[in-house]
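Student: This structure is in structure tokens; I'll ask about it shortly.
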Amino acid sequence: MLNKQHIINRFLSYVKIDTESDPKSNTTPSTKKQWDLANKLVEELKAIGMSNVSIDENAYIMATLPSNVEHEVPTIGFISHIDTSPDFTGANVNPQIVENYSGEDIILNTEKNIILSPSYFEDLLLYKGETLITTDGTTLLGADDKAGVCEIVSAMEYLIQHPEIKHGTIKVAFTPDEEIGRGAHKFDVDKFGADWAYTMDGSQVGELEYENFNAAEAEVTFKGRIVHPGYAKGKMINSMYYASEYINTLPKLEVPEHTEGYQGFFHLHDIHGNVEKTVLEYIIRDHDKDKFKARKALMQKVANDMNTKYNQDIISIEVKDQYYNMKEKVTPVMHVVDIAEEAMKQLGITPLIKPIRGGTDGSQLSYMGLPCPNIFAGGHNFHGRYEYVPVESMLKATKVICKIVELTQERYN
Ligand SMILES: [Zn+2]
């Protein structure tokens, strides 16, 4: 049996270390403090008996659990990230433990009247009777993704202590800077040497994800002409009005607030401008590759049409791809998903397979040659003060890891 208190203690030891990443930094890791947890993990992996524990100059940690069978089994990996989101502070995390959760409001902070309530966060009711770890209302918790780190370390420890569970070679990796989109950037896929892997970075129990958005960003620039407003007739060109026309020409309902599931969107997330120059910053998202291309083409077409209409080059547009749907790389090796699904079913966990409306490190890794679906790590309400994780969910994720390695071995026996 996995020891619940042992997992709680391990998780608490991680979240108390501040590892917030910083998008403005150009170094890797983006913040020096990520080394504090990275160095601790290296020691811990050695202490539990992992082999080839390494950390590189960018704080990417890798370790191996050698095979304990004679026959050939594919090498599989488990990955999570050590940083926390810069959206909310991760300094001085003071976790609260709620045992035998009653289903009622949880007072996170009496002084500041901060309450975690199932009337806003209905998911809480899934965990009645369980042990929840919450914040004290002033920081995020860091279950994203220290729950994942904790589950991977705990699963490896369990497998080492239980050699009767047969498995092939297992690799684990912990990366910095996932929250600022760089977790996969300096990941050495060849050194890792796995045939496929899973990120332990999802939310609710049962989540299993292998489809994500195709993603691009677009910057649309409008040129105007400033003239004294009193003498502007026929001379002034106000770039802000052109920007407004552009915004209103794109499909109005294809925006984040009107879409869900497999529906893609255009998201205008920033405008800055004056008469002379206005810049619109968009992100473009779609699961479907052709629709994704069509969206990028439409943004270009609206710009071209307006340039034609006004008979001058007032609009320029720059579109950059960010990441792609991993589905294309995972469906040819669908057993990777099937094994994880079967592992959950055997443990009595209902798999929740759904498209991610975002990206994961796994989507980049999949395009770098390492197919890499995402599995639940158990936390909820990531990146803010209402973040919490049920300990039972961490135990389940740990068991899923152990079951996946077992099933993979059996499949190739
Ligand atoms: Zn995460």
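Each Cβ is built from the backbone N, Cα and C atoms, and glycine gets one as well.
Model, not experiment: these values are computed from the prediction.
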Student: Considering the Zn(2+) 1 binding residues His81, Asp201 given in TrEMBL, which of Asp22, Asp136, Asp144 is annotated for that site as well?
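Tutor: TrEMBL names Asp144 for this Zn(2+) 1 site.
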Student: Can you pick which of Glu104, Glu179, Glu341, Glu342 TrEMBL lists for the same Zn(2+) 2 site as Asp144, His383?
Tutor: Glu179
Student: Mean pLDDT for the domain 'Peptidase M20 dimerisation' (210-311), rounded to an integer?
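Tutor: Its mean pLDDT is 97.
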Student: Asp201 (Zn(2+) 1 binding site) to Glu179 (Zn(2+) 2 binding site): how many Å between their Cα atoms?
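Tutor: Given the Cα positions, Asp201 (Zn(2+) 1 binding site) is 11 Å from Glu179 (Zn(2+) 2 binding site).
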Student: Which of the recorded positions Asp83, Asp144, Asp201, His383 have a Cβ less than 6 Å from any atom of ligand 1?
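Tutor: Close enough to ligand 1 are Asp144, Asp201.
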Student: For the domain 'Peptidase M20 dimerisation' (210-311), what are the DSSP-based totals of helix, strand and coil residues?
Tutor: 38 helix, 31 strand, 33 coil
Student: Here are some recorded positions: Asp83, Asp144, Glu178, Glu179. Which one has the most Cβ atoms within 10 Å of its Cβ?
Tutor: Asp83
Student: So which one is it: of the binding-site residues His81, His383, which has the fewest other Cβ atoms within 10 Å?
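Tutor: Among the binding-site residues His81, His383, the sparsest Cβ neighbourhood within 10 Å belongs to His383.
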Student: Taking the Cα of His383 (Zn(2+) 2 binding site) as the centre, which of the recorded positions listed as His81, Asp83, Asp144, Glu178 lie within 10 Å of it?
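Tutor: Those near His383 (Zn(2+) 2 binding site) - Cα within 10 Å - are Asp144, in sequence order.
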